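According to TrEMBL, the protein has these features:
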- 1-22: signal peptide (SIGNAL)
- H411: active site (ACT_SITE)
- D463: active site (ACT_SITE)
- E472: active site (ACT_SITE)
- 498-533: region 'Disordered' (REGION)
- 534-614: domain 'Carbohydrate binding' (DOMAIN)
Amino acid sequence: MGSSTSTISVLLFLGLVQFAVSGHDYKQALSKSILFFEAQRSGPLPPNQRVSWRSHSGLNDGKSIGVDLVGGYYDAGDNVKFGLPMAFTVTTMCWSIIEYGGQLASNGELGNAIDAIKWGTDYFIKAHPEPNVLYGEVGDGKSDHYCWQRPEEMTTDRRAYKLDRNNPGSDLAGETAAAMAAASIVFRRSDPSYSAELLRHAHELFEFADKYRGKYDSSITVAQKYYGSVSGYNDELLWAAAWLYQATNDRYYLDYLGKNGDSMGGTSWSMREFGWDVKYAGVQTLVAKILMQGKAGEHTAVFERYQEKAEQFMCSMLGKSTKNIQKTPGGLIFRQRWNNMQFVTSASFLAAVYSDYLSSSKRNLRCSQGNSSPSKLLDFSKSQVDYILGDNPRGTSYMVGYGHNYPRQVHHRGSSIVSFKVDQKFVTCRGGYATWYSRKASDPNVLTGALVGGPDAYDNFADNRDNYEQTEPTTYNNAPLLGVLARLISGPTDFDQRLPGVSPTPSPVIIKPAPIPKRKPTTPPAPASSPSPITISQKMTSSWINEGNVYYRYSTKLTNRSTKRLKNLKISITKLYGPIWGVTKTGNSYGFPSWMKYLPAGKSMEFVYIHSAAPANVLVSNYSLE
């Protein structure tokens, strides 16, 4: 009798929770989720910093070895800068903007999201001072976890760990290349010079990752306990190639995906997770997009195998596969006890994106246990986000600061200790544990927007600071959530996945390959008036149709044929009607990109532009040889 009564009570409780929540404020959740990244900033904080209880930190990172490594993000509730999760965080934030930038803009959050990305990419530029050198970690997890201190006054070891030819790390270098390539798309319109710089780093990092192969945690061994590379580096190499293709339309990267898909696991690994370590599901989703755009060409058969694996991942979330993703009784994806929420947000993002790809190509999801409409994937994403925000058996919001019943004792050094701005009394390494970590009270600083690790396999959750498996937040929990929330704001309608105001590169999903236009503009050689010893050549490298308009991508190469260095370059470009990358505009002229001071003898530089007309007129108007 007692058992039956208990069962009925649980069912009634579940029902009451379900009906008590009529809907969620996705816009508010989006704003808060972006705010969390400001709480994770390392380095000197900017004047427009909105998380006011934080202050400057890590100002001497890299100083002892003569490298500026100030900036970047702390990954979680500690004070270490781990390269692999940081790069994945930036890549997925970029992907969120690339797909749903329009909705972010219409809700006033695009600028904040772009600022969050730049905080990461500025650091990656510093961490990549040479083509074959990448600094992958600052701080040591062991010494850091021994202490409980605010980042503003940490006394732990800030040693920097690097990768180079003799100490390779293809997974970390590959993920960082992916982040830089994806970010180059984000900044393409607003800051073309910065975009070109990011793309240069992406090319170099991919070459480094591919040429000098090895697992990064074999070179940076201190990372093994915290962010060990279980999946190896093949997934990151494919992931980086996919993003470089998205950023450049360069056939080299398309061929890389086609030729290496089978041998590197892209077409063979059927996954049930996507995260900072295992990228296969993300690769397969991106390649499926290329296929649905009609761009696969001779690699169609290989790309179809990528897509098959992508759809197996999607089907497993809907319970329509032979191997389905485990879920809690309340319906949340469950992968592991420690920070399970990272897999929830990343899977929800992939489902939302793939739902829109399918809608754009007018087809359903093909599953072994029955096909599904694209809307079912979006419904799945919504169910996961609604669970996060409070539609769950406990009625708990797992986003700090959202709703009324959210975690108050977050496993996070900065939020759990009184703000440095309020009380600058020094908190010692072990004293922090005695005074603040063990304190059974709410955090003095609300870590607004942070998504904690979440409940266990049975929807149970304990809001205790020492329960790090469930109460610690991470940047990579929040990053894919930006895109999902932006998408859900739009409701169940079809969505255009282009960054607003940017010529479509990559172009949106289309049903058929763009037909060859009846008349292509010619690509004449540079005008005869282009002065010797500088030669200019132009060629059209790509074309596509968007909303009835034909767009062309032109590549322009300028070569120094002299035996001296070319300096003080000024280029005159007329009849240009679209965006341009790889040069810096000053007044009515263009010059070297910001990272170039001169062009060596015999060397070339390249810049590209896009518009829907014949090639622009390009002339060298001024230069000097030294």
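Glycine is treated like the rest: Cβ placed from N, Cα and C.
Because TrEMBL annotations are produced automatically, they should be read as predictions rather than curated entries.
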Integer average pLDDT (0 to 100) for the domain 'Carbohydrate binding' (534-614): 82
For E472 (active site), the number of other Cβ atoms found within 10 Å of its own Cβ: 21
Residues in the domain 'Carbohydrate binding' (534-614) grouped by DSSP into helix, strand and remaining coil: 0 helix, 51 strand, 30 coil
Chain-internal residues near D463 (active site), provided their CB is under 8 angstroms and they sit 6+ positions away: P407, R408, Q409, T471
Surrounding CB atoms that lie within 10 Å of the CB of H411 (active site), all protein chains: 24
Euclidean distance between Cα atoms of H411 (active site) and E472 (active site), Å: 5
